[in-house]
Structure formats: C-alpha cells, structure tokens
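Taken straight from Swiss-Prot:
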ACT_SITE  C25  active site, phosphocysteine intermediate
ACT_SITE  H562  active site, tele-phosphohistidine intermediate
DOMAIN    3-86  domain 'PTS EIIB type-1'
DOMAIN    121-481  domain 'PTS EIIC type-1'
DOMAIN    510-614  domain 'PTS EIIA type-1'
TRANSMEM  109-129  transmembrane segment
TRANSMEM  158-178  transmembrane segment
TRANSMEM  182-202  transmembrane segment
TRANSMEM  204-224  transmembrane segment
TRANSMEM  226-246  transmembrane segment
TRANSMEM  264-284  transmembrane segment
TRANSMEM  303-323  transmembrane segment
TRANSMEM  345-365  transmembrane segment
TRANSMEM  404-424  transmembrane segment
TRANSMEM  444-464  transmembrane segment
Amino acid sequence: MNHQEVADRVLNAIGKNNIQAAAHCATRLRLVIKDESKIDQQALDDDADVKGTFETNGQYQIIIGPGDVDKVYDALIVKTGLKEVTPDDIKAVAAAGQNKNPLMDFLKVLSDIFIPIVPALVAGGLLMALNNVLTAEHLFMAKSVVEVYPGLKGIAEMINAMASAPFTFLPILLGFSATKRFGGNPYLGATMGMIMVLPSLVNGYSVATTMAAGKMVYWNVFGLHVAQAGYQGQVLPVLGVAFILATLEKFFHKHIKGAFDFTFTPMFAIVITGFLTFTIVGPVLRTVSDALTNGLVGLYNSTGWIGMGIFGLLYSAIVITGLHQTFPAIETQLLANVAKTGGSFIFPVASMANIGQGAATLAIFFATKSQKQKALTSSAGVSALLGITEPAIFGVNLKMKFPFVFAAIASGIASAFLGLFHVLSVAMGPASVIGFISIASKSIPAFMLSAVISFVVAFIPTFIYAKRTLGDDRDQVKSPAPTSTVINVNDEIISAPVTGASESLKQVNDQVFSAEIMGKGAAIVPSSDQVVAPADGVITVTYDSHHAYGIKTTAGAEILIHLGLDTVNLNGEHFTTNVQKGDTVHQGDLLGTFDIAALKAANYDPTVMLIVTNTANYANVERLKVTNVQAGEQLVALTAPAASSVAATTV
C-alpha cells in the first residue's frame, strides 16, 4: 500500500478543507467532517485500499487496517496541517458538534430505562403466547389443546403464572431501571416498586371497579383519605416516582454527611416518596396513564384499517427519526392491561415494516451484479426479516431511495390488512417473520397472510425497478500496483490470546469486526487479565494506547489482537504492555495485561478480537468449535491454498 497515495485519495473524496479533526485507532481513521454531503462516497467505496466506511456518534470512520492506518493518518495530517489528536479528543469534538435536541434526549432516557427490562418482558410475553396456544379454542381443533389433553392443564397454569409475573410486578423492574437511569440507588427504586404492588393494597387492575363499587379502602393520614391502591401493570406513575426518589436521594446525600447519610438518607427518601406516591403523584399519573391508554385504544378503534395503513406506511420513517424509542413504553402499558386493551397494535405493524424492508433489500441482492452489494444486501436483508433493520435501512434502502419507498408502501398495505382483521399482539417478541408467536392465537393466520403481502409487494417492484435502473453495476475496483513480495503462508493453528468464552466474530457489538471486514477469526469474552502471544512470530504493530497488537507469525499469518471495543479512547489507562514493535515472541509469552473490571466499570465492552488480517491469503480460516477456552489453547485453524497458487500470488 502506498500510504501517501491513499491519503491523497481520501482527501480528494472528502475534501481537504472539509475535515474538522482527525484521529485513528488500530484499524480506522476517525474523522469529524464539516459537511458530510460533500463526501464522494462512491470514490471511497471503489477504493481497493479502503475496506469500508461508516458514521457513528458524529465520527466518520474509514477502515484501513492495522499497520497501515497510522501511516495513512500521518500522511493525512501532513497534507492537511491538522493537529494530531487522540480518539478521546475527537470524541469530545464530535459530541460538541452535535446539536442537543431535547426530544432526542428524552427518547434516549426512555430507551435507557426500557432496554434493560425488555428481556424480562419478552420472556413473559412469549410464555403468555405459549399459554394462549395451549388454551385457545378453534386454533388447531374445535377444543383447546388443554381440553383435548387434560394432563397439560397443570403445565398451562404454571406457564400462565410465570408469564404474568413480569407484568404484575412491572413496577419493581421499572423502579430499579428508572431510578438507576435518574442517578439514584436502583435497589431503593426496586423497594418503591415493591411498595406499589404490595399484596395488602387493592390490586391495580381492580382499582377502577373497586372505587365504582364504593369498596375502596383508605388510610386516614392527617385527616386525608388516602386510597390503598396498588399499581400493578402501571408505567407512567412508576417513572414519576423513580424520578422523585432519585432527586430526593441526591438532595439528602448532599446535605447529610458521614454515618448519618448512610443511615437516614434511604429512609427519608423512601418515606417522602412513598407519601407523595399514594397522595398526589400516583393518582395523578394513573389518571394521565389511563387517559393515554384509552386514547390510543380509541384512536385504533376509530381509525380502523385506514389508521393502521397510515401507521404502517410511516413506521420505517419513524424509525429513522428515532421516535420509535417511545414505543416500548407505550406497548408495555398496552400489554400490561391486555384484558382492557386487547393487546398492542404497534408490534404487528412493526413486523410488517421490518419484513418489507428486508424484502426490498433482498430484491437488490437478486438484481445487482456487484459482489460488494450482494455481500451487504444478503446479510442486511436476512437481518431485517429477523427484526434487525438498521443495516438494511441505513446501509442499503435509504441510500438507493426506491427500495425504502417500495418497502414503506408494502408495509402500509399489509398493515391495512392487519386493521381489517383486528390483529393485535398479546406479547413482546421479535418484530419479524416469526412474530406470529406474539400474536393473539385467533389472529395468527391473518398475521401470516399480511407478512406474505408485505414481502411480495416490497420485493417484486423493487426487483423490477432495480433491474431496469442498475444495469451492469459490476464492481469497478482499481487494483493496487503489485510488488515483488511473494505470499508464503502455511497451515497453522492459532491459539487463544486470553482465557474466556469463545464466540463468533459476528456476535461482536461492532459493525466492522462483526462484518469480518478486517478478516476472519474469533472473539473471546475474557475472564483473565493476561494477554499472551497466540503463536511464534514478530510484533509488527503496537500502540501507545496498548489496546491492540499486530503479530506476523513464522508461518505467515498476520494477526491483530484487539482488546475491547473503543478502548483506544482510554489512551492506555487500564492497560500494560511488555513488548514493542520488532520484538520476537513465542507462543504463550506475556504480551501485556488489561483490567477487565475497570473496563466494565467505565462502560467499555472488554471482548477480545483475534483477527487474521490476511484472510484472503488462505483457503480457509475456521474458528474451532470451542466454548470456554484457556489462553494458549487452540482457537483458529488456518488452511493454506495449494502450493502452486501461493507461489504465483503477489501483493
């Protein structure tokens, strides 16, 4: 690679004066761009030395690769006259450049609160769906499964009990998560949640009927009649209570010192919050919550299939804005009161939108002749059909525009069909082709037919339009000039550099590593702080941040060991190293250490990636079928190509 020329091509594509700040990590240039609309994305996509680009958190990242990215960066700095900065510095520059949006901040808060408890709600929801399958009549036969096989009655009742728990005790889950997000003690938040669902209180689901019947029980507090009402299945009151609790706790921590703080702050916070919960905050927010729920149900009932069609048409656009982050809170409220609401109309529509986007992306896969595009659309399309739409929407459909439009139209038509048959979900789950498991049993056939409509209506016009407009879009890649260096690799077994749980690179929460753009290999969730050499070789790359190592093995493999995700931002904190560039190492030699606990405490993912960066030189790179692995144990098998083809290959 000619690093000067690569830097020139990058600057030509981006604009020499269009870069506000630049840094690099082990594999990528990290840039803050003044105006991203001026970037010649096609030039970067066609550049053989650029392995990929993406934008995240205000940074435009260009994937170059270990051993080269630092040299390209140096050339870029010289050519632009920019000041060298660290990834941590550029993170601050990017954050400062992003306009604060109160609405997006609010959505982020909701997302932070609900995402941690979603697994519990999904588990309860799917168990509820299973119970529906066992107890619903006219699903498989005239009678229910339990009626035909009475021996299953006990199992169904047990499943129903387990399914009800996350929704009945929702205030405990929400109290913990919300109080933590608001900066308070989450265990005090859970305690307030327990107080709100005490068995001695009137059950939250029966409060309205109990009051209407004149049977509500009251406390007499300083002459006030305070209803002994529970808050089972409530969302908004718990969020309000958690905010007050966290605010009071921080106030008392500030004004009460020493041992008195430890003793009295929790008590004062709970007593005051509890009093406000049952006298003012709880009743008011319950009324608001009930009004919102009734309003949504009324809107659904009054607009019918037309409203569902419009919602389906706009759903993917809502995802782009981020407003969909409010939906978990709304759905939780609808599902927690399923006896009154009948279920949620949001989940079925989300499923139609995701299926439509996936179908449109797969249509591009079958229409394009570009191998690069095929690689992207195949994985993105399947992911969308399974409920993960970001790669399809942002990576393919929005860039090409017409697939997104056809997918939105398909979603609107399919959602209107859902509205005609009053299809509702009774559980949370994957909004995808397998979403039928969360649908009310009587509506499963209508849901499946709607899914087919969404797929077909999105796929066919996208495919036809793509065939007419894409033409011959085969990759036009400029091959880098060859050198006289002959590739010489041999079969080799690469050992694990750390102890931990082995997993596929595709499971890593990073779009570069998970897409195997840098090469194939393996990931390890570490349980030991020591990092050892995975094979005999020479250290080719080290970093001041000590978060990654490059090794050229004696058998020809080029290995990148990357410790954690985005850990370059730590500038070496929590890392030590025993080697430097040019050192000869033997398999098992200690390369360095990293503090796993400190990384987790700082909210960094400590997953270790072992990447074979010259994967293209091998016939096969395979992660061995292991789960837990000790440092030094076999992890990745490399198979060299036939000797004749190796000798003839140059780079």
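Positions of Cβ are set from backbone N, Cα and C atoms, glycine also.
Remember, it's a predicted structure, so these values are computed and weren't measured experimentally.
For the transmembrane segment (109-129), the list of distant contacts is 159-160, 162-167, 173-174, 177-178, 181, 239, 325-326, 328-329, 332, 335, 426-429, 437-439, 441: same-chain residues at least six beyond its ends, Cβ to Cβ under 8 Å. Using the rule of three or more Cβ pairs under 8 Å, pairs at least 6 apart in sequence, the transmembrane segment (303-323) is in contact with the transmembrane segment (345-365). Counted over residue pairs 6 or more apart, the CB atoms of the transmembrane segment (158-178) and the transmembrane segment (404-424) come under 8 Å in fewer than three pairs, which marks the two as apart.
Taking the Cα atom of each, the residue listed as 'active site, phosphocysteine intermediate' and the residue listed as 'active site, tele-phosphohistidine intermediate' are about 10 angstrom apart. Mean pLDDT for the domain 'PTS EIIA type-1' (510-614) in the predicted structure: 91. Here the transmembrane segment (404-424) has Cβ contacts under 8 Å with residues 304-317, 342-345, 348-349, 352-353, 355-357, 359-360, 393, 397-398, 439-440, 443, 446-447, 449-451, 453-458, 461-462, 465 of the same chain, all six or more residues outside its ends. The secondary structure of the residue listed as 'active site, tele-phosphohistidine intermediate', as reduced to three states from DSSP, is extended strand. Listed by sequence, the residues of this chain that lie at least six past the ends of the transmembrane segment (204-224) yet keep a Cβ under 8 A from its Cβ atoms are 197, 230-234, 275, 278-279, 286, 290, 337, 339.
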